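Q: Sharing a structure, written as structure tokens. Questions coming.
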Amino acid sequence: MGCLKNQLLIAILLLSVYGIYCTQYVTVFYGVPAWRNATIPLFCATKNRDTWGTTQCLPDNGDYSELALNVTESFDAWENTVTEQAIEDVWQLFETSIKPCVKLSPLCITMRCNKSETDRWGLTKSSTTITTAAPTSAPVSEKLDMVNETSSCIAQNNCTGLEQEQMISCKFNMTGLKRDKTKEYNETWYSTDLVCEQRNSTDNESRCYMNHCNTSVIQESCDKHYWDTIRFRYCAPPGYALLRCNDTNYSGFMPKCSKVVVSSCTRMMETQTSTWFGFNGTRAENRTYIYWHGRDNRTIISLNKYYNLTMKCRRPGNKTVLPVTIMSELVFHSQPINDRPKQAWCWFGGKWKDAIKEVKQTIVKHPRYTGTNNTDKINLTAPGGGDPEVTFMWTNCRGEFLYCKMNWFLNWVEDKDVTTQRPKERHRKNYVPCHIRQIINTWHKVGKNVYLPPREGDLTCNSTVTSLIANIDWTDGNQTSITMSAEVAELYRLELGDYKLVEITPIGLAPTDVKRYTTGGTSRNKRGVFVLGFLGFLATAGSAIGAVVVDVTAQSRTLLAGIVQQQQQLLDVVKRQQELLRLTVWGTKNLQTKVTAIEKYLKDQAQLNAWGCAFRQVCHITVPWPNASLTPDWNNDTWQEWERKVDFLEENITALLEEAQIQQEKNMYKLQKLNSWDVFGNWFDLASWIKYIQYGIYVVVGVILLRIVIYIVQMLAKLRQGYRPVFSSPPSYFQXTHTQQDPALPTREGKEGDGGEGGGNSSWPWQIEYIHFLIRQLIRLLTWLFSNCRTLLSRAYQILQPILQRLSATLRRIREVLRTELTYLQYGWSYFHEAVQAGWRSATETLAGAWGDLWETLRRGGRWILAIPRRIRQGLELTLL
């Protein structure tokens, strides 16, 4: 039994030691390299110096470097806030440049369009001539027709198959500046922008309406602007960063990209607005690669820049644009016909056939593709039906909107058999006809805009074709179609799809064995800070947690210094542009990012302050770690991996830290209040005596109120037995008070019970003993309170006495056990001491004997060696004798 008690005691002691030294507590680290996905607005920087471009973006200083990270991150070009912001912002740029702003509801009227006036310019005869000239027999394909820089038809604008623009002259009456007087106006429309009613052939006029007139969002351009594309880059606000997947195998979606770099800004990109093709992109390389949507067949194909693919468009003619004042503050621009207008057209240069062949080969090698491997069965096709922007290749040239019919180009690139096509499409050419529209469908939002007629003079645009927008479809592995697409937004998924925006989260939580302590008496190793800039501390993102914690102080300083530096740079450029930023959409975004970094830093410090860790790099907390089975591998885990593991615990840990800090503040407050009692002089302070007087008054008032309540209860109990005045004295407490009546006053008539005397003395009851009665009642009350308190204390003592006795007995037993154990230890120690002494004596004796024997042996050996010469001499002497 005693042995069992000893074992139990040892187990309890070991568990206590384990509970003290092995409990892990929450530790807060500030300056760790971790992040999470973010969706805040980015700001734009550009080197373009034209007015509207600099109004929209901040000046670009070109100092943006990338830093490689040893981490794995997921990337998606379609679920990406960077690409979504680019699409929205480029649309804002587009509208700012082209400016459709005046609603055209006054022009939704009936117009009289003169057919003979239109025919006089040959605007309709050419089309009918071409239509009727088609033979009805088996069609014959025309000879391949190509143009280049030296072709004469380029300069003369008379290449084969090009026509005149189909236009119609119309008149309409409207009320002008005078409300009661109408005025007739002339206007020339593109035939595709009008809807006319068919009338008899003898009538030269037709009733026509502007197309899409019932659409409420139709707007006319206030002013004619060029849509010159600009190159710009996106930059993250301070406290945020841009990660980029640097893997050459990245195809728009990669859940585990291991080649990640970080920067504060993206690469330069181009503001492209076109269907089918992407122009002047910045992602072209000496290879062809594909961005493929993760869930459907949408793709954006980057073309190999080795083939030098170009597209050059031209709008010939000498048009004149005149303003027509409809009413005050509303001007509509008309284009009278001064010369025979010619059709716009575009021609394609470079090794297009080789480029498309490489595109097909790249599709076959793509892991998402499961169609035929025969590139001859992969065809480049035009979409069928839909809006004009889908059916035609739509682009913008110097502010004009070109719609190009691409059949000739597709026939040329694919070497198609044109014998089965319609007569007008039966050509294989490297140029295509285009026409200009005033009413276009908006590419970003549902709606239509009306723009000014084309500007005067020749218009020429030269572009480099860098990408191809297409949907790839295949059926049964026999045929694959590369269908050209009108998704303008895909261009920006190619430009910025390898980026993702993240928010730096420098606060990390991890379990350690250290509890909260004060650092007032401790010393710190001073460490020199090597400022890498704001993103420098992310270089340790791929390092283990233990290695990062060593440098967390330097990293937190680097983080703050980088935020302040980046904030100052942004503030400087905003100051330089403040006059131009007042009326722009992006100006508001830029000003918004100006305060983001400081807000983020203050938010982090407020959170640290709520935990009692303000301005500390490593802060130990008294809160135990809530999940003992979840601990970091300090030598292998990175902070980013550890943050993902404990993400589900973060909310719970945060609540525990706040509760612990609140309790800590309460304890400090109570401790400070107790500090005022440690000085004896404070007990006699005037403020203290005022409090004592208040406490005394409270006691007196309480006793009085209690007595009143008791008296009322007693009176109510007496009333149940019979009536007696509440304030009358108890029985037998009466004293007669004699009063002398004035003889001059009339004598009061006798009453019943007066005794028949009308004399001068009378008596009435007075409660003179009532005060004595109250005193006795108060004494009785105090006696009752004293007896009850004494009874309560005696009962408490009686209840606690067995517990105290058992506790005392337990303590005695523990003391006996400890004394027994101590006796055992003392006996064992004495036995051990005696054994050591005996061993020492035995060893000493043994060593002494061994040393004597050894010394004797050495002495004899020495004597024998010393005797050798003497023996030799003696031998020689004997020999000589």
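Backbone N, Cα and C atoms are what each Cβ position is placed from, and that goes for glycine too.
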Q: Of 245-252, 373-380, 477-484, 565-572, which range does Swiss-Prot call region 'V5'?
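A: When 245-252, 373-380, 477-484, 565-572 are checked in Swiss-Prot, region 'V5' belongs to 477-484.
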Q: According to Swiss-Prot, the disulfide involving Cys404 connects it to which residue among Cys434, Cys461?
A: Cys434
Q: By the record in Swiss-Prot, which of Asn652, Asn761 is the one labelled N-linked glycosylation site?
A: Asn652
Q: What is the disulfide partner of Cys397 among Cys346, Cys461, as given in Swiss-Prot?
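A: In Swiss-Prot, Cys397 forms its disulfide bond with Cys461.
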Q: Disulfide-wise, see what Swiss-Prot says Cys235 is paired with, picking from Cys159, Cys170, Cys196, Cys265.
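A: That would be Cys265, the partner Swiss-Prot lists for Cys235.
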Q: What does Swiss-Prot give as the disulfide partner of Cys57, choosing from Cys22, Cys44?
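A: If we follow Swiss-Prot, the cysteine bonded to Cys57 turns out to be Cys44.
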Q: Quick test of reading the record: Swiss-Prot lists a disulfide for Cys170. Which of Cys101, Cys108, Cys113, Cys257 is on the other end?
A: Cys113
Q: Within its own chain, what residues at least 6 apart in sequence put their Cβ under 8 Å from the Cβ of Asn373 (N-linked glycosylation site), listed in sequence order?
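A: Result: Val364.
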Q: Going by C-alpha distance, which of the recorded positions Cys235, Cys265, Asn379 is nearest to Asn246 (N-linked glycosylation site)?
A: Cys265
Q: Can you tell me how far the Cα of Asn652 (N-linked glycosylation site) sits from the Cα of Cys57 (disulfide bond), in Å?
A: 43
Q: Express the distance between the Cα positions of Cys397 (disulfide bond) and Asn627 (N-linked glycosylation site) as a whole number of Å.
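A: Rounded to the nearest whole number, the Cα-Cα distance is 64 Å.
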Q: Across all the protein chains here, work out how many other Cβ atoms are within 10 Å of the Cβ of Cys170 (disulfide bond).
A: 26
Q: Can you tell me the three-state DSSP label for Asn70 (N-linked glycosylation site)?
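A: Reduced to three states, the DSSP call for Asn70 (N-linked glycosylation site) is coil.
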Q: Out of Asn246, Asn286, Asn636, Asn652, which of these glycosylation sites shows the lowest number of other CB atoms within 10 Å of its CB?
A: Asn286
Q: Between the Cα atoms of Cys57 (disulfide bond) and Asn636 (N-linked glycosylation site), what distance do you get, rounded to the nearest Å?
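A: Here the two Cα atoms lie 43 Å apart.
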Q: Across all chains shown, how many C-beta atoms besides its own are within 10 angstroms of the C-beta of Cys397 (disulfide bond)?
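A: So the number of other Cβ atoms within 10 Å of Cys397 (disulfide bond) is 24.
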Q: Could you find out if DSSP has Asn186 (N-linked glycosylation site) as helix, strand or coil?
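A: Going by the DSSP assignment, Asn186 (N-linked glycosylation site) falls within a strand, counted as strand.
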